[in-house]
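Structure first, then comments.
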């Protein structure tokens with residue numbers, strides 16, 4: 001009988017505050033508003049004052065942890081942008097995809113896939129109907145949010161794009177790491193001007209006619225834009241400002257009124273600059289001239305220019321944040337407490353998984369840090385995890401922090417400062433937690449009071465590992481001083497200084513010491529307290545009897561030191577994992593190596609048995625958690641989700657869920673489901689996914705194959721991106737076309753037969769069409785409508801020309817019946833552009849296209865007549881309203897001319 005296993009699926013993700021840039025949104029319920037930021041694959045909205053997460057935005061298509069094959073982790077969000085007028089929020093991901101959310105409802109409006117690399121910058125136009133994206137693949141893509149399609153791909157840059165801004169509805173300015181600043185005409189889709197902004201340009205912002213760019217140098221270059229000038233003369237450099245920071249700049253942002261600007265670099269420095277008024281500039285110049293006259297210098301007034309950027313812009317203040325900066329953004333003036341008009345708020349996203357909110361006095365430069373959002377995550381990568389005995393809490397440690405989490409609510413219920421933690425364990429009763437640190441100390445914490453009870457200098461070097469006996473009486477620690485120490489909890493009396501009174505206090509008391517020949521990296525106790533296993537720096541594992549510490553077994557075979565190990569519940573098997581990427585299973589009867597598995601593509605950091613079985617989990621630096629059968633030595637499932645090295649792993653006492661911690665600062669809970677896994681089926685899925693992924697890549701390469709000369713000259717290109725979804729959409733359309741064509745031929749032959757034999761019975765139709773009670777043309781149109789608008793053109797590219805001819809046949813029917821004319825026209829125009837040469841050479845298609853042309857002209861003429869009728873009706877209603885509600889004595893001719901000038905002009909293209 002084939003053995004089956006239960007699948008583990010992602011249940012919860014927590015511990016991440018911010019992993020991308022942050023932006024500010026107004027919130028009527030809070031004076032400080034909301035901070036919106038990416039948190040791995042989700043977008044979180046934080047209440048700045050309360051420090052709580054109030055909204056999560058995610059795409060259900062990005063669900064992780066359900067695959068056991070070659071599927072990769074969900075791409076994390078790297079850039080977020082909002083449009084305040086249309087209430088849209090765009091999120092860019094590391095795989096080059098863009099998802100547009102309605103942040104009121106939290107629904108995904110559309111998904112764009114056109115970039116091959118991570119998104120670096122996003123920008124909405126003023127109306128919120130267009131979106132521009134820049135990527136590491138050096139391309140800029142203009143997206144139409146109404147039609148949900150990519151309009152054009154701009155390919156002139158030679159390195160990653162770092163900034164995109166709209167100058168007006170028809171002009172776009174971009175900058176990139178190649179050091180170039182370019183202006184684009186979006187109507188002609190040409191690059192009309194290029195300027196050198198330095199060796200590299202990392203950030204840019206635009207206000208009115210002023211553009212500022214910053215790169216690796218200290219200088220911020222200031223440019224002036226004149227859109228009325230000739231092409232090639234629109235952008236001119238006016239000067240440069242010198243920053244305080246020596247690191248490269250990463251962000252520039254003007255205030256809403258353009259009177260202030262903030263600079264931030266790849267360090268902790270934020271700089272605030274202010275635009276001076278003309279009177280202040282003249283006063284400053286007069287002071288400089290007066291100072292030089294006092295020194296006896298000859299002064300030429302032409303030396304001082306009132307239009308110089310160094311005279312216009314002056315630094316107000318610079319200050320340091322608590323960690324390196326990811327981005328800085330202005331908040332609304334209403335978010336500043338006290339309603340001070342000369343104060344502003346700044347929201348700072350930091351690289352250490354936290355957000356900070358500052359209040360700035362714009363005139364005198366005073367600043368204060370009012371709010372910090374950091375409780376719900378670690379500042380550094382998570383190094384160790386431990387579950388409580390009732391599986392309701394999990395303890396996590398990092399460099400400097402110990403946090404206790406409620407697994408049901410995923411809230412942080414305790415946060416305590418500690419040393420550089422390397423291991424952590426709950427003691428029986430779950431009221432105490434011990435932490436082993438890199439300095440060799442054992443720290444004992446009380447969970448209820450969030451206090452440090454005791455600190456013991458246990459080892460001279462790093463304390464790498466600790467474990468607790470099943471009876472809870474003994475704590476075992478191993479360190480780099482080649483010792484394994486045994487500890488017990490004892491109550492001791494201490495005198496309170498200055499009072500003479502004594503108080504009872506818990507202390508760790510050392511009972512035994514086991515001296516070894518090399519540094520101890522891991523210690524593990526068996527559940528029956530019979531064995532203790534110690535892994536050493538010499539890549540061996542030594543097993544001792546726990547009661548007498550008598551040597552029992554020596555396990556050798558790893559090429560690099562064993563980093564973690566675990567003993568099964570029946571004490572028959574020990575599993576070890578090493579930096580040599582291997583997992584080995586050993587028998588504890590004779591110390592024989594039962595199986596050596598190539599477990600991960602990088603160092604294996606943790607391994608844990610499922611209680612009551614020989615199945616076990618492993619975690620590695622390759623970002624994977626794997627589920628193994630310890631008896632048959634098969635990999636059951638790959639748990640994909642982390643985007644950083646997985647350092648820690650723990651399994652519940654019932655084995656129904658596991659918790660993993662990673663370098664990406666996230667803690668993920670994987671829950672056992674009722675879905676069964678069969679190994680043969682999983683291997684077949686793996687082959688299918690591998691085939692589909694390579695097929696999409698090969699088709700993408702063929703579709704974008706250009707000669708070398710064409711690559712140099714191709715500045716504007718179509719936006720196409722073959723994915724697994726577009727391939728499936730194309731395949732479904734091909735199936736529908738074959739089915740529909742067969743049904744049309746069947747009906748036509750039946751009608752021909754009826755001409756000679758009126759009593760001829762209708763032949764049986766295709767079972768799907770007969771069940772759905774649909775005509776062939778309606779079924780094919782339904783399939784086309786189900787394809788997402790952003791993927792329609794890429795799905796049509798999959799069709800061979802034989803199926804294109806079948807599609808044109810259906811287009812002829814759709815246009816005759818006037819079904820979904822906008823969609824049908826889009827399909828028709830794309831197909832004719834793509835297969836123009838074959839269509840021209842085909843005699844069979846000529847009469848069809850002639851009829852299609854006639855049908856479209858007829859339909860558009862009718863729609864034009866309807867629009868004209870509606871406009872006339874609206875105009876009559878307006879005139880009738882004005883006639884009965886307005887009583888003014890004005891010149892009729894002048895009023896009519898003024899009304900004509902104020903009306904919006906609409907241009908209608910002529911149908912050829």
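Along the chain as shown, residues are numbered 1 onward.
Cβ coordinates come from backbone N, Cα and C, glycine included.
These features come from TrEMBL:
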type	residues	note
REPEAT	112-145	repeat 'WD'
REPEAT	154-194	repeat 'WD'
REPEAT	375-415	repeat 'WD'
REPEAT	456-497	repeat 'WD'
REPEAT	555-596	repeat 'WD'
REPEAT	597-629	repeat 'WD'
REPEAT	639-670	repeat 'WD'
DOMAIN	777-879	domain 'Small-subunit processome Utp12'
Any contact, the repeat 'WD' (597-629) to the repeat 'WD' (639-670), with at least 3 Cβ pairs under 8 A: yes
Candidate ranges 112-145, 375-415, 456-497, 555-596, 639-670 - greatest C-beta contact count to the repeat 'WD' (154-194) (under 8 angstroms): 112-145
Selected stretch (most C-beta pairs under 8 A with the repeat 'WD' (375-415)) from 112-145, 555-596, 639-670: 639-670
Within-chain partners of the repeat 'WD' (112-145) [C-beta distance under 8 Å, separation at least 6 from its ends]: 78-81, 83, 85-86, 88, 90, 92-100, 151-155, 157-166, 169, 172, 174, 176, 178, 184, 186, 719-721, 723, 790-791
Mean of the pLDDT scores, which run from 0 to 100, over the domain 'Small-subunit processome Utp12' (777-879): 90
